[in-house]
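**Student:** Before anything else, here's the structure in question.
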Amino acid sequence: METHVHRYKEKSFWGPHELYFANLSKRKKIMEKNGNNRKLRVCVATCNRADYSKLAPIMFGIKAEPQFFELDVVVLGSHLIDDYGNTYRMIEQDDFDINTRLHTIVRGEDEAAMVESVGLALVKLPDVLNRLKPDIMIVHGDRFDALAVATSAALMNIRILHIEGGEVSGTIDDSIRHAITKLAHYHVCCTRNAEQHLISMCEDHDRILLAGCPSYDKLLSAKNKDYMSIIRMWLGDDVKPKDYIVALQHPVTTDIKHSIKMFELTLDALISFNKRTLILFPNIDAGSKEMVRVMRKKGVEHHPNFRAVKHVPFDQFIQLVAHAGCMIGNSSCGVREVGAFGTPVINLGTRQIGRETGENVLHVRDADTQDKILQALHLQFGKQYPCSKIYGDGNAVPRILKFLKSIDLQEPLQKKFCFPPVKENISKDIDHILETQSALAVDLGGTNLRVAIVSMKGEVVKKYTQSNPKTYEERIKLILQMCVEAAAEAVKLNCRILGVGISTGGRVNPREGIVLHSTKLIQEWSSVDLRTPISDTLHLPVWVDNDGNCAALAERKFGQGKGLENFVTLITGTGIGGGIIHQHELIHGSSFCAAELGHLVVSLDGPDCSCGNHGCIEAYASGMALQREAKKLHDEDLLLVEGMSMKKEETVGALHLIQAAKLGNTKAASILRTAGTALGLGVVNILHTMNPSLVILSGVLASHYINIVKDVIRQQALFSVQTVDVVVSDLVDPALLGAASMVLDYTTRRVQ
């Protein structure tokens, strides 16, 4: 038996090394084998507006190659119902000849009507298929009408090509989709997970094509087209882009009563939210009649903020969702196609519970009142997310056409089922998503550059460390290289990277992701845009803040500040930094200069500080200050005591001073006491100014200062703040964890 299609195990539609099918000579052999270069007769059955948006690009592709294909179009289902927009007209407007129109819908919009509609289609389809005699029947998705088409074709020995098999959503659609998969001979799937599901369902891998979603071929080139006239036509002349909502909600056939309640709450929330909304009528599934009654009960069709429509042509619908402030509902379009534009989506209920989604989708699984939906609208409306290509890269149709050309009609019609070991089915519930959600954390220190994969629980899954280059060009190049390497490793580790958080020294504008002014420890690092190059390279959102603020964020999410409304973090390292959490939020200040705690002045005639001032905490208590004092003692031969030794080439540092003090060097002990006192006075000033409930000392020197700081508080602080606790941080990597928390906090705030 001649193999008719290459295997697709190594092929990825988003990868750089795409494998296509048999070469031209092989394809020519198959065409000749099919009979004197006979054209492949392809029948496309379309049931509703949604499946036509996926089938139309394939139909255009088939029509454009008349030397290879003959196209027959069968229209049935809600296409032919006036209440649902008579959407067969858009097929005619696209200049396709409709060979057959089948009225197959039994009205009633309940479970019995759906069953009767399937039965009516099964009665009518055999005559049509006997007349058309197609070689291939193309069926899309998971609708009950499509099940009738697939059943008829399978029983009449017609080969079936199923589009979008292997996906997981919710309700009865899953069962119908998988039933069509078992009837189909060939499969075109959109994602790697879908491909793996098909293999796990024992489908022949030789007959599975990972192509991407055909609608993405149009979506990814659509957003730049003229759209204002379309927005005005459907929503009014006074509506601006990103200032309206698109709503599309269907009944859930396995729990109709609850889905209608959810729809009622959705309308209440939309009315309260008070934004112009384009709302489409639901599909023809059981429960749709009740949903329409709810719309009319709420007065949606006459409400000044609502535009209620039965149908929008797909080309125009693309523009409307691409420029919407938000899309809400439970349509597969929201979790699939809309991701191509980065438009925020609120997915309601269980209808799409298993779908793979981009970062633009916020799930509200259940709601008892409108409040949760209203909160989701406030969180999502007007945001812009990275564009997602989970479902395709815009080249699905060429792959599908090549796949069709490579089908060998002389192959036995009987399906061959394969029984490989079933691969682990990765759970898509909220617990699994939260477990695998991770961040790339970057820490730019004066000496080292570190990148880590950090999990939602604060676990450093993997860490990379390199010396921090001295020039801007080398530093940016190394950051990108390390981030790309870490992102690739994250895939192998099953870590779902949500974004990149960067901790760096200096003054930072976190809104723009720009380092405004650097510390002297990091050269060529002022007026640097960090967000753009990293986001452009990784196609991920990027957050940037200074290391002191990141330490405070780390304590808020993972450390001793968790759950506290107000606390202050002080970093004791090479320099002295800090971060302030007030009413659960990080304080940046009007010019992003808040929490420069190392530059609180504790003595008017103290030592010089790197900032140009005198008597700052940093001039006394930082690692640089201790190193300075240690060198003075060493130069005077007053540092080393019994039990200490130093190599000739060894640099004198703060740790030598600490070691000398522990071994009884009174001068070293006096320097440390002075440094600790300066830090303690700074903490007293913080207590008197901010009155936090906790002060956390972080960094390598914290444990050496803690007791002295507490003594100073007892002696110098007002009685009312002496009970405020001062503790040493128990976090190992506060800068990395804080950088990660910027990403992870943003994500958890979007989870309802």
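Each Cβ is built from the backbone N, Cα and C atoms, and glycine gets one as well.
The structure displayed is predicted, hence computed values, not measured ones.
Pulled these from TrEMBL:
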DOMAIN    68-405  domain 'UDP-N-acetylglucosamine 2-epimerase'
BINDING   ARG507, THR519, ASP547, GLU596, HIS599, GLU618  N-acyl-D-mannosamine binding site
ACT_SITE  ASP547  active site
BINDING   HIS599, CYS609, CYS611, CYS616  Zn(2+) binding site
**Student:** Check the Cα distances from THR519 (N-acyl-D-mannosamine binding site) to each of the binding-site residues CYS609, CYS611, CYS616 and keep only the ones within 10 Å.
**Tutor:** CYS611
**Student:** Around HIS599 (N-acyl-D-mannosamine binding site), which residues of its chain at least 6 apart sit with Cβ under 8 Å of its Cβ?
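**Tutor:** Non-local contacts for HIS599 (N-acyl-D-mannosamine binding site): CYS609, CYS611, ASN613, CYS616, ILE617, GLU618.
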**Student:** Around ARG507 (N-acyl-D-mannosamine binding site), how many other CB atoms lie within 10 A of its CB?
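**Tutor:** So the number of other Cβ atoms within 10 Å of ARG507 (N-acyl-D-mannosamine binding site) is 19.
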**Student:** Averaged across the domain 'UDP-N-acetylglucosamine 2-epimerase' (68-405), what pLDDT does the model get? Just tell me the whole number, please.
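**Tutor:** Summing pLDDT over the domain 'UDP-N-acetylglucosamine 2-epimerase' (68-405) and dividing by its length gives 91.
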**Student:** Taking the mean position of the Cβ atoms of ARG507, THR519, ASP547, GLU596, HIS599, GLU618 as the N-acyl-D-mannosamine site, which residues outside that list, in the same chain, have a Cβ no more than 8 Å away, listed in sequence order?
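**Tutor:** For the N-acyl-D-mannosamine site, the extra neighbours are GLY505, GLY506, ASN546, GLY548, GLY575, ILE576, GLY577, GLY598, CYS611.
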**Student:** Cβ atoms within 10 Å, counted per site: which of CYS609, CYS611, CYS616 has the most, among these binding-site residues?
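**Tutor:** Top count of Cβ atoms within 10 Å goes to CYS616.
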**Student:** Within 8 Å of the Cβ centroid of the Zn(2+) site residues HIS599, CYS609, CYS611, CYS616, which other residues of the same chain have their Cβ?
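**Tutor:** Here the nearby residues are GLY598, VAL601, SER610, GLY612, ASN613, ILE617, GLU618, ALA619.
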**Student:** Please compare the binding-site residues ASP547, GLU596, GLU618 by how many other CB atoms fall within 10 Å of each one's CB, and tell me which has the fewest.
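**Tutor:** Sparsest of the binding-site residues ASP547, GLU596, GLU618 by Cβ contacts within 10 Å: GLU596.
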**Student:** Please report the number of other Cβ atoms within 10 Å of the Cβ of THR519 (N-acyl-D-mannosamine binding site).
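**Tutor:** Counting Cβ neighbours of THR519 (N-acyl-D-mannosamine binding site) within 10 Å gives 21.
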